[in-house]
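Trainee: What TrEMBL lists as domain 'Sugar phosphate transporter' is 16-245. Annotation comment: TrEMBL describes 33-54, 66-85, 97-115, 122-139, 145-167, 179-198, 210-237 as transmembrane segment.
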Amino acid sequence: MHKAVLTLGLLINICSSICIVFLNKWLYVHRGFPNITLTCIHFVTTFIGLRLCVLCDVFKPKRLSVLRVLPLSLAFCGFVVFTNLSLQNNTVGTYQLAKAMTTPVIVAIHTVFYNREYSCQIKLTVIPIILGVFLNSYYDVKFNWLGTIYASVGVIVTSVYQVWVGTKQKEFQVNSMQLLYYQAPLSAGLLAIAVLIFEPVTAERGLLASWSWSSLLVVLASGVVAFSVNLSIYWIIGNTSPVTYPSLQHRKINIMHPVKKSCPLHFPIKTNHLVNEFFLISLTRRQI
């Protein structure tokens with residue numbers, strides 16, 4: 001693949017991922033928008049975006065069995081729901097740093113279940129990643145066990161999901177857009193059931209509540225950005241490897257820190273919190 005194309009794909013993912021973090025956090029903190037409902041909207045807008053791509057002849061859908069795509073759709077739901085719950089219950093910095101743990105987990109999954117070997121250099125980077133995330137979580141000014149549990153489950157589900165995204169594209173012989181075209185509506189349907197049970201649309205903070213125009217515009221913007229995030233994740237994993245994408249999270253940390261300092265959602269940061277972030281960033285810089 002041409003290096004310029006790969007660089008463009010990585011940049012699109014970085015920009016859209018950072019943007020969606022702050023859009024979602026704003027909705028959770030300032031508007032109390034329901035988590036699962038927002039995730040379901042993301043899947044719907046992703047499918048609409050892909051459908052428009054089909055109508056514009058960007059790609060041609062490939063017929064797939066729903067049962068074969070179902071496990072990936074379930075993992076997709078878990079991936080987005082638990083990462084959003086982590087964002088909702090942790091600071092932006094801790095949320096972003098916790099995602100760095102997907103690299104060690106993916107390495108473990110590949111080693112145990114896929115008999116894949118990694119170089120000694122990659123294995124050694126696992127140690128500072130784990131240590132850096134642990135120290136950051138320990139000194140977080142808004143540390144809480146619920147947020148830690150959501151982040152931990154999110155890391156495990158995300159790692160499984162990212163491994164499957166790479167293997168399923170090869171197994172089904174489809175590209176990123178063809179696979180996401182089937183998975184997004186199936187995931188939306190699964191989450192719609194959860195919304196009816198846990199976040200009734202007619203409740204006080206339900207989808208059909210009286211939301212302001214500003215809230216609805218941010219929800220729409222979040223959905224559009226989610227389309228970019230989801231598509232770029234598939235494209236990166238399908239054209240590189242599952243380890244490349246979580247390694248990209250370390251680059252996002254470099255950008256997230258100065259951004260969150262000027263963000264109105266920013267929480268006070270202790271000195272040792274900054275040291276832990278720097279420790280994680282500097283010792284994992286060689287991984288990509």
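Quick reminder: no glycine exception, Cβ is built from N, Cα and C everywhere.
What you are looking at is a predicted structure, and each value in this text was computed from that prediction instead of being measured.
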Trainee: For the transmembrane segment (97-115), name the stretch out of 33-54, 122-139, 145-167, 210-237 with the most CB-CB pairs under 8 Å.
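Mentor: Looking only at 33-54, 122-139, 145-167, 210-237, the most contacts with the transmembrane segment (97-115) come from 145-167.
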Trainee: What is the pLDDT of the domain 'Sugar phosphate transporter' (16-245) when averaged and given as a whole number?
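Mentor: Here the predicted model's pLDDT, averaged over the domain 'Sugar phosphate transporter' (16-245), is 86.
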